[in-house]
Amino acid sequence: MADSTCYHCGDDCGNHGVRFDDKDFCCNGCKTVYEIFTSNGLATYYEIEAKAGTTPNEIRKKYDFLDNQEIVEQLVEFNEEGVQVISLSIPTIHCSSCIWVLENLNRLHPAITVSQVDFPQKTIRVTYKTEDFSLKALVLLLGSIGYEPYISLEEYNKKDKKVDRSLIYKLGVAGFAFGNVMLFSFPEYFEVQEFWLDQYKVVFRWLMFAFSLPVVFYAGQDYFISAYKGLRSKLLNIDVPIALGVLTLFLRSTIDIVFNLGSGFFDSLTGLVFFLLLGKFFQQRTYAYLSFERDYKSYFPIAITRLKSSGEEENVQIYNVEVGDRILIRSHEIIPVDAILIKGHAEIDYSFVTGESEAVFRESGEKLFAGGKQLGDVLEVEVLKSVSQSYLTQLWGNSIFSKDKVSHFQSLTDSIGKRFTITVLTIATLATVFWLIYLPSMALNVFTSVLIIACPCAIALAAPFTLGNMLRIFGKHKFYLKNANVIERLAKIDTAIFDKTGTLTTNQKDAIVYEGMELTEEETALLKTTLRASNHPLSRSLYDILKSNAIMTLDEFQEHTGKGIEGRAKQHSIKVGSAAYVGKEASPSMTSTAVYVSADEDVKGRFVFKNTYREGIGGIFGELGADMDLGVLSGDNDGERQLLQQILSEKTEMAFNQKPEDKLEYIKGLQRAHTVLMVGDGLNDAGALAQSDVGIAVSENINVFSPACDGILDATKMKLLPKFIKLSKSSVKVIKMSFLLSLCYNVVGLYFAVTGQLQPVIAAILMPLSSISIVVFTTVATNYLGKGLKNIEI
Amino acid sequence: MSVIYVLLAISVTVAVAFFAAFVLSVKSGQYDDTYTPSVRMLFEDEIVKDKDKSDQNNQKSNKNSTNQ
């Protein structure tokens, strides 16, 4: 039994295992889910993918606010005649078993009519009858099988989210027109003087014209808009020569067919727009289920329990909470406002805010800040500030959060675009002037030919395909970027600043040190047995490190929530818990979390939990330090300065006791002379992440929420960070090489254009050829670079 | 030779019909989630009936033990 894994979730069963129906389960929660599934004919769940389950969390009263019909009204998509439709986000969806069981929800309750999973978005859309069912019942049902939905304040304020499908439409229009125009123009490519062809030429030409209209005025409209915007703000972006090219192509072709001068360039025109849109489409696909724009709203609950003066409980929307209200904070609820603790023992996990994973203890009369999560029992608090005025939420008032980084960054393509446009216009003018003197009738032909052939299709494709492909390669190695633009910005970084807690240190592994009188073997055994019965995270970690195999039967066990636990066996008793509980004065200078132990009312010592630094941090700093300045910003005191100096290189700058605003200001100061990368994790870094040129959030579990940022990096891949930055730099090199390649095509094309020999068929060959060879080159090059990443990992 | 008009008309009509089908499919949301349907189509009616539940379970535990 010791080495068995849970039939439901695949976790190690350890010594807490439950045996049921000839199968091992790690806990009762998993066993219950198994029972629910098998008794409803859903046992196939385990056949599609073995051990796919998730341990359900205890929910209890958390969703009582769903009894409030006003709130339900806001959440559901459709609500009429006893039928409701709702989309819920379920972060734990991860495999085909999940899809299967969630789409068979009607097996678990007959009121559910349809349920459909969107796997990439990790959402489920459920239709149910409200007769003997409700949203709350649905949420509880999902919770009971380990798929607890995530309902946050963000969802509540969400306006009707319209899916933007315009790019797919445009791509469809352009592709459709491209194919048809190619077919229609084919006969004329060979210029055979065939009677029937000549006869019907006009029909074919006007058909092509008709097909190109929606391409120019619908599919290509973004380029005109962007070029116009660029020109208005006196910027020559890459869209200016593109729009110019498209417009010239269209006008010249129209004139050609109106005056019967030739067949026009409709094939090149539609092909050009199609390829450009394809590039856009390729770059656009990102990670639908990750949100990079989270603010405090996605952490906060929708409603909270308020105590009326008469003592009655009521659920209110948290924006309606006013100063002076008494509210209840239940176990595992987040405190939405700054408040004073009135009743109960607070054990607050501020990891959302500070990244610090160990809970802090507060007694009544002390102040609690918004963003903390209560781990212990129910609290009664008095509201000091409303939601928008609270310490944490005020940070979002900073103007930095409404600034769009992309629009302030001049991409490589745009900076090339400027020089390119000027060069092309110069060549066009010179060639026209030459022909005006030499043979005036050719002048207009040459001028338009130059603009057509120089249309920077290949240049415009180089960046989307290189960066889009790199984005996917990064994604495979668990580095998720908000958009392709971030890679270009990452390549320019010359300073990297790290947050300490949660970023350089890990929340997962604790180093536990014992200080005090040595415990006897019997005491250790008793301690371990006592800890075994407790579910507190600290007890669990402590249990795992204690070396004792003698498990005894306890005569008595008591758990005092928020204080500690007590066990008694064979006339001996042991107490584990906070200093006050065990009977010792807490030392005031304590910087880390400690658990005190007393045997037979005699204080023995304490276990101190220390943060450990992630593996390979020194290596990362060494590697990065070679070509950039490094720094560490920490909200903690400088107790670990010495240790940090040892692990990291000597040059690393360090700042301690930094409040969220201080971090933001620090980054702002650096930006006067540098391009700054900020690596952080908690909400306290949110300001700095937004202010920096590139903000990366390190996350232990990417489905759990990270603050607004440009990229999310899985904590296990932290050591690859220097490689990611190097690859970004290589990507930029690939783009530059593609520019060179496409310039060669342009030179060849310009030869034909300037000498006045540009035939539609040459344009029709040259344009797709240059575009396709750029796509092939960038794809091969980025995949080759990406391979290097894979080798490192092995 | 005016048959070419007929042929052109047919070819354009067929093309436009397919294009319309594409637009409709996008509009109905078929392109919003391109992953889940690929998994969903592999599921059959795998609901386990009560009577054969027990031997299904046995099979599974056998399979499981070989996996470990």
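Count begins at 1; order follows the chain as displayed.
Every residue, even glycine, has its Cβ placed from backbone N, Cα and C.
The domain 'Putative metal-binding' feature in TrEMBL is assigned to A:5-79.
Long-range Cβ contacts of the transmembrane segment (A:167-186) within its own chain (Cβ-Cβ under 8 Å, at least 6 residues beyond either end) map to 204, 207-208, 211-212, 214-215, 218-220, 222, 263, 266-267, 269-271, 273-274, 277-278, 280-281, 284, 760, 764. Annotated transmembrane segment per TrEMBL: A:167-186 (among others), in sequence order.
The annotation transmembrane segment is assigned in TrEMBL to A:206-228 (among others). Through the fold, the transmembrane segment (A:206-228) approaches residues 170-171, 173-174, 177-178, 180-181, 184-185, 237, 239-240, 242-244, 246-247, 250, 253-254, 257, 263-264, 266-267, 269-270, 273-274, 276-277 of its own chain, all at least 6 residues removed from its boundaries and within a Cβ separation under 8 Å.
Positions annotated as transmembrane segment by TrEMBL: A:235-251 (among others).
Taken from TrEMBL, the feature transmembrane segment covers A:257-278 (among others). Remote same-chain residues near the transmembrane segment (A:257-278) are listed as 167, 170-171, 174-175, 177-178, 181-182, 185, 188, 201-202, 204-206, 208-209, 211-212, 215-216, 219-220, 223, 242, 245-246, 249-250, 452, 455, 457, 460-461, 760, 763-764, 767-768, 771 (criterion: CB distance under 8 Å, separation of at least six residues from the stretch ends).
Positions annotated as domain 'P-type ATPase A' by TrEMBL: A:306-396. Confidence for the domain 'P-type ATPase A' (A:306-396), expressed as mean pLDDT, is 78.
Annotated transmembrane segment per TrEMBL: A:420-438 (among others), in sequence order.
Here TrEMBL flags A:444-467 (among others) as transmembrane segment. Counting same-chain residues at least six beyond the ends of the transmembrane segment (A:444-467), those with a Cβ under 8 angstroms from any Cβ of the stretch are 238, 241-242, 244-246, 248-249, 251-252, 265, 268, 272, 275-276, 279-280, 282-283, 411-413, 416-417, 420, 424, 427-428, 431-432, 435, 484-485, 487-488, 731, 734-735, 738-739, 741-742, 745-746, 749-750, 752-754, 756, 758, 763, 766-767, 770-771, 773-775, 778-779, 781-782.
Under the heading transmembrane segment, TrEMBL lists A:734-754 (among others).
Residues or ranges marked as transmembrane segment in TrEMBL: A:760-785 (among others).
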Listed stretch, out of A:235-251, A:420-438, A:760-785, that has the most CB pairs under 8 angstroms to the transmembrane segment (A:734-754): A:760-785
Summary of DSSP states over the domain 'Putative metal-binding' (A:5-79), given as helix, strand and coil counts: 31 helix, 10 strand, 34 coil
Helix, strand and coil counts within the domain 'P-type ATPase A' (A:306-396) (DSSP): 16 helix, 33 strand, 42 coil
